[in-house]
Amino acid sequence: METLVLKLHEIEAVKFGNFKLKSGIFSPIYLDLRVIVSYPDVLRQVSEAMWKAVEGNAKFDVTCGVPYTALPIATAMALDHGLKMLMRRKEVKEYGTKKAIEGHFEPGQTCLMVDDLVTSGMSVLETLDALNAVKLVCTDVVVLIDREQGGKENLKSHGLNLYSALTISEILSILSKHGKLTDEVVKSVHDFIAANKVVKPKVETQAAPKRLSYEEKAALAKNEALKRLYNTMVAKKSNLSVAMDVNSTEKMLALVDEIGPHICCLKTHVDVLDVWNDGVAKSLTDLAEKHNFLIFEDRKFADIGNTVVSQYSGGVYKISEWSDIVNAHIVPGPGIVDGLKQVGLGQNKGLLLLAEMSSAGTMAKGSYTEETVRVADENPDFVIGFISVNPNSWTKKSKDRSLVHMTPGIKLQKGGDGLGQQYNDPKSAIARGSDVLIVGRGVYKAEDPKSSAAEYQKAGWEAYLSEL
Ligand code: 5BU
């Protein structure tokens, strides 16, 4: 073990100094075990040390490396000891749609998790979720280094035994014995570890924070349009937004007048209409006033800041003049928000970011979705929320609980439309964190659009009340 520790220090897998961590805090020690892939002898020593820590203690049918650093370690261990190995795909979040776990196994088999180091145990718990989702049973985890910051206890509380080849304390004592560290550095690392014990990580199994009512969200809202939206929802007992995607302007206006009492927000696609002029815009805003709803133009801006300024305020449609809400992709980067904000903020408009889409194969997922949260958090005055499909799975990352989640792809009958649209029913959408349900064909293609809108209004509102 001493030669291994000295070697890890020599190849700078274990470093001492003053390192800024992802969390922003400074640490006197930094562990980067990724480098060991460049040193086959170290890789083998590491996997052997970990095998010794777990051999005879844990019983398992298969092993699974936690991505990414531990994958080569788990592979080395598997090769040397004839173990069956699985791999977890980190990018696949929606288990079931794509394989989250690669390799052959039987449901009910036991699995040993292999990771490089453990701090809070969070990444192990994510892997645990993925393995449990495919019915693998896990009771044991092996790591090279236990940072002694509470991971062992956290894992224990989830029924997992942690086996480690090394602890930080052991590393410090070996390196100091060999004159590689001063007493001062050793003390600073001990102090850092003691001061940075991680609290029990939040996991799905813990009680989720209470869902906020629309009134509570209204009170937290920093944007006028958002406040108005929530207040309208409360006043009309409606979380329904209808997408009136008919091509005839005349028909659109007539239908909006019919269903107006049931909606909190009308969603438009102005560029599908056969007639557009200032008079139509006026008729639409008159209807909005008459029935008390907001107008959301589903324009999906996706250009650079300078161009969206004109697209939003100018052209034939002059969208900013009659809509309360628009939406945008963040593909171009945050400049798109700056451009739209330049036009809309002074007029009390709001912007939704497309965090997810309802269509099959959408690329708005994972880190892209998370980036929209970051952009939203940076623009609390103008970004009012998201187009979301499964917000409960990613909004933990947002600081702002006032933001609204508007969800398209809603129909009482699940299924699709043959062109990629995927439908969920109102109840399941609300249960997954949606605030406003967007219904298009479910209403305007119904035999009686008015009674259909009333039905969706009731279903959405009851689902919301039952979630509270
Ligand atoms: P539908 O008829 O209920 O399928 O209409 C859905 C509406 O929502 C339609 O106007 C789409 O353009 C819009 N939509 C969507 O379906 N999915 C998305 O991810 C986004 C918008 Br963003």
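Each Cβ is built from the backbone N, Cα and C atoms, and glycine gets one as well.
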Of the candidates Lys222, Lys267, Lys396, Lys399, the one that TrEMBL places in the substrate site of Asp245, Ser358, Gln421, Gly440, Arg441: Lys267
Integer mean pLDDT for the domain 'Orotidine 5'-phosphate decarboxylase' (239-456): 96
For the substrate site built from Asp245, Lys267, Ser358, Gln421, Gly440, Arg441, further residues of that chain with CB within 8 A of the site's CB center: Ala243, Pro408, Gly409, Ile438, Val439
Distance in Å spanning the most remote Cα pair of Asp245, Lys267, Ser358, Gln421, Gly440, Arg441, given for substrate: 17
Secondary structure of Asp298 (active site, for OMPdecase activity) (DSSP, helix/strand/coil): strand
Which binding-site residues sit within 10 Å of Asp298 (active site, for OMPdecase activity) - Cα, from Lys267, Gln421, Gly440, Arg441: Lys267
